[in-house]
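What TrEMBL records for this protein:
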ACT_SITE  His156  active site
ACT_SITE  Glu259  active site
BINDING   Arg62, Gln83, Arg88  substrate binding site
Amino acid sequence: MPASITRIEDRPGLPELILRHGDAYLRLSLQGAHITNYSPAGQDNLLWVSNSARYQPGTAIRGGIPLCWPWFGANPDLPVRPQHGFARTRRFEVLSQQVDTQQASVILGLDASSEFPEWDGAARLEVEIRLSGHLWMELRTTNVSDRELAVGVGLHGYFRVADCLAAVLPAVTGLDYQDKTADFARRTQTAPLRIDGEVDRVYIDPPSMIELHDPGHPSRLRIQAWGHTDLVVWNPGPDIARALGDFDDGGYRNMVCLEPALALDRRRRLAAGASFAVGQAISAQKGA
Ligand SMILES: O=P(O)(O)OC[C@H]1O[C@@H](O)[C@H](O)[C@@H](O)[C@@H]1O
């Protein structure tokens with residue numbers, strides 16, 4: 001199958017890459033190595049992006065797959081630091097790109113050393129993205145400092161649904177979770193999850209494969225993840241969405257965030273010189 005990679009700059013200061021493999025399409029911003037469109041062959045974008053998203057250097061795009069790194073959520077030591085780390089607002093460099101009949105792939109890199117005012121660690125982040133019959137992506141962190149580092153990660157995918165009120169996530173049944181809407185109270189999920197208002201939960205030890213059942217969507221979303229300890233599920237519900245400013249009114253009905261993560265106190269403790277990877281493969285079966 002023919003494959004290609006093209007660089008564009010539709011928005012000043014925000015260069016992007018377009019990957020194609022056959023009729024599959026992927027668009028990503030070099031800021032944050034942030035994927036904003038993944039359309040499998042013959043299908044629309046599986047990812048939700050807000051109509052009110054802000055496209056400005058230094059601002060995270062609301063939607064797609066922002067990458068949370070080197071911490072997830074609030075910084076555990078200094079809450080004044082930016083939520084979800086700083087990778088999502090930094091320009092990555094293209095380390096390599098490759099096209100062949102099997103896939104189109106890129107490796108993007110970010111050197112995060114002490115010159116980053118937001119933290120005092122030193123690490124290198126590589127993000128590899130491959131487009132073929134599915135989307136494959138992996139974040140690899142290497143501790144380049146001389147001491148242990150604690151690193152959190154989140155693959156913060158916003159997925160498009162026909163109506164979140166009708167969507168069901170069976171895979172979390174039986175899991176323990178921390179409920180961010182109830183001061184992180186620990187609870188057990190006793191039935192398949194339905195999004196019927198604000199949901200902000202960190203599910204602990206999720207299965208590696210999850211599927212989202214969305215009766216109004218023509219295909220079934222499947223996420224196979226590795227290297228994570230948590231699955232975060234987030235939908236702001238109507239009130240928070242309205243307050244957020246970059247969330248179009250009513251947009252919460254058409255999205256749900258499903259985020260393989262190393263969250264809260266499950267940050268990875270990484271010895272000097274050591275590396276680890278967190279990744280996911282996303283696919284959608286038509287007619288499933
Ligand atoms: O507005 P942000 O920083 O992109 O975060 C969005 C949401 O991201 C989710 O991962 C968190 O669990 C939520 O608590 C948070 O509100």
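Heads up, the Cβ atoms here are built off N, Cα and C, so glycines get one too.
Pairwise Cα distances among Arg62, Gln83, Arg88, which the record gives as the binders of substrate, peak at 14 Å. Within 10 Å of Glu259 (active site), as judged by C-alpha distances, the recorded positions found are His156; the full candidate list was Arg62, Gln83, Arg88, His156. Under the three-state DSSP scheme, Arg88 (substrate binding site) falls in the helix class. Of all Cβ atoms in the shown protein chains, 23 besides its own fall within 10 Å of the Cβ of Arg88 (substrate binding site).
Excluding the listed site residues Arg62, Gln83, Arg88, the same chain places Ala60, Ile61, Pro66, Cys68, His84, Thr89, His156 with Cβ atoms within 8 Å of the centre of the substrate site Cβ atoms. For Arg62 (substrate binding site) paired with His156 (active site), the C-alpha to C-alpha distance reads 10 Å. The Cβ of His156 (active site) has Ile65, Pro66, Leu67, Cys68, His84, Arg88, Val232, Cys257, Glu259, Ala261 as same-chain neighbours under 8 Å, each 6 or more residues away in sequence.
With a 10 A radius on its CB, Gln83 (substrate binding site) counts 13 other CB atoms from all the protein chains. Looking at Arg62, Glu259, the recorded positions in this record, the fewest other C-beta atoms within 10 angstroms of the C-beta turn up around Arg62.
According to DSSP, His156 (active site) sits in a coil region rather than a helix or strand.
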